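Residues annotated as active site, proton acceptor in TrEMBL: Asp298. The annotation ATP binding site is assigned in TrEMBL to Gly178, Arg242, Gly243, Gly267, Asn268, Gly269, Thr270. Look at TrEMBL and you will find Asn268 tagged as Mg(2+) binding site. TrEMBL lists Thr296, Ile297, Asp298, Met341, Gly342, Arg343, Glu397, Tyr449, Met450, Val451, Arg452 with the feature substrate binding site. The domain 'Phosphofructokinase' annotation in TrEMBL covers 171-473. Look at TrEMBL and you will find Gly269 tagged as site 'Important for substrate specificity'.
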Amino acid sequence: MATSLKTSSNFCSTQQNRWMQSRDLILHSSSHSNVKQCKSKKIKRPASLCVKATSSKVELDFNDPSWKQKFQEDWEKRFNLPSITDIYDLKPRPTTFSLKKNRTRTGDENVDMWNGYVNNDDRALLKVIKYSSPTSAGAECIDPDCSWVEQWVHRAGPRKEIYYEPEEVKAAIVTCGGLCPGLNDVIRQIVFTLETYGVKNIVGIPFGYRGFFEKGLKEMPLSRRLVENINLNGGSFLGVSRGGAKTSEIVDNIQARRIDMLFVLGGNGTHAGANAIHEECRKRKLKVSVVAVPKTIDNDILLMDKTFGFDTAVEEAQRAINSAYIEARSAYHGIGLVKLMGRSSGFIAMHASLSSGQVDVCLIPEVPFTLDGELGVLGHLEHLLKTKGFCVVCVAEAAGQDLLQKSGATDASGNVILSDIGVHMQQKIKTHFKDIGVPADVKYIDPTYMVRACRANASDAILCTVLGQNAVHGAFAGFSGITSCICNTHYVYLPITEVIKAPKRVNPNSRMWHRCLTSTGQPDFH
């Protein structure tokens, strides 16, 4: 989990009105303008920002003039990419990846001067906004003064030197967790790029991590010819499953199959599993590169702009919302209710509500709400029926769980099985309007599996293509225990350990949530 900022006895207490996630640090700050004198420094600052911070490896005292240097040194250590060269004394060889053969020469062009490679020292900035105040909307601050601190991450792409002989490599691909638009696009591009390097032995592991230990599940040989058109369909060409065997058993299987590169497609839980496999391989001193590709329609993996499948899920969810709008608009006192996926975050609900422009109420797990009472959702629905005659409500599946009885059950991946907020709200709305004698025609739509079983749209297809290619480039560069992703519009590699500390969640103080509220016009419901 991300480490919270600790309050020192020499500092003022914090008001936890909102949280702001900043890499490994979470800063609890106040949106109020109250100011208190800090005991340690005779200056005025917001009371809630007189804090002392800790990161995973170093404690930061903001009164120390060298705190920025300490923060950046710690950052460099945390975001340094694990490599097989950490355990093996390997000499690199010139890469076999080149697009020069596909380029048209102009005559005087030196073919040896092709600048198509990424330097190992290339970096990309994780964040580019300099907030002048912690009270700025969506501010992500490290210290009380919101000081600018550069936070660099490793740029993704092909390197001039590689650490594997392509002819000797056996590469495996596995897709885990639930379905997601774009899985086949990533599989396809990984195979294409591996073959461009010269890899001949490429296999798919069927049905997630289960394919490593379930008897009767055999690895599937893959080639360009076999996967060429799989991107035209949704689902996973290799199949998916949740859960798996012990890490040691999976690595035993990897070792027995003589796998050199393992490409793992999945979300938070799958990334945690990939990191465990990576650590076990290092423990055994195996020359195996484990590279993950972030897959989740929930878009809830830390530090990334987005994960593949999210854009497509939002597009499909928007269609469900538009259907609910038509149903509600066409009925007398019509109420359209749509439940969307989002196990721990409300990104799909928020973005689908924004894109459709038809939603009157958007409910997400990050923002508490009540159904009953003067400030409740039901009272607002009454107001909407009186003023416009109909309304549309969009709710994320994890929203309002505090209003429901918890089952306590978990799925094969260890995720808590959520109570059904959609059905609960449908019943509450019907009962409420019946009790007050107002007719209401409720239409409930749950497109849960429809939004994830479809083919990737154009935006996701491009993202999948680049992430898949970069995963292969990262493996040949010798990296392991990394994920191929997009941060601040640039394609980068991140250590898996930094993205699995906690799920990414919607910041209720972010501009995007504010934009959603502006679009819906909804009040606070608590």
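Along the chain as shown, residues are numbered 1 onward.
Including glycine, each Cβ sits where the backbone N, Cα and C put it.
Here the features listed in TrEMBL are painted onto the structure.
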residue: Gly178; record: ATP binding site; contacts (Cβ under 8 Å, 6+ apart): Val240, Arg242, Gly267, Arg452
residue: Asn268; record: ATP binding site; contacts (Cβ under 8 Å, 6+ apart): Thr296, Asp300, Ile301, Ile500, Pro503
residue: Thr270; record: ATP binding site; contacts (Cβ under 8 Å, 6+ apart): Cys176, Gly177, Gly208, Val264, Ala292, Lys295
residue: Asp298; record: active site, proton acceptor; contacts (Cβ under 8 Å, 6+ apart): Gly267, Thr307, Phe310, Met341, Gly342, Arg343, Ser344, Ser345, Phe347, Ile348
residue: Glu397; record: substrate binding site; contacts (Cβ under 8 Å, 6+ apart): Lys339, Leu340, Met341, Gly342, Arg343, Leu418, Asp420, Ile421, Gly422, Thr448
residue: Met450; record: substrate binding site; contacts (Cβ under 8 Å, 6+ apart): Glu316, Ala320
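Spread of the ATP binding residues is 12 Å (greatest Cα-Cα distance among Gly178, Arg242, Gly243, Gly267, Asn268, Gly269, Thr270).
Taken over all pairs of the listed substrate-binding residues (Thr296, Ile297, Asp298, Met341, Gly342, Arg343, Glu397, Tyr449, Met450, Val451, Arg452), the Cα spread reaches a maximum of 16 Å, rounded to the nearest whole number. Taken together, the residues of the domain 'Phosphofructokinase' (171-473) have an average pLDDT of 95. The number of other Cβ atoms within 10 Å of the Cβ belonging to Gly269 (ATP binding site), over all protein chains shown, comes to 20. Annotation for the binding-site residues Arg242, Arg452: lowest Cβ count within 10 Å of the residue's own Cβ, Arg242. Packing around Gly243 (ATP binding site) is summarised by its Cβ count: 15 other Cβ atoms lie within 10 angstroms of its Cβ, all protein chains included.
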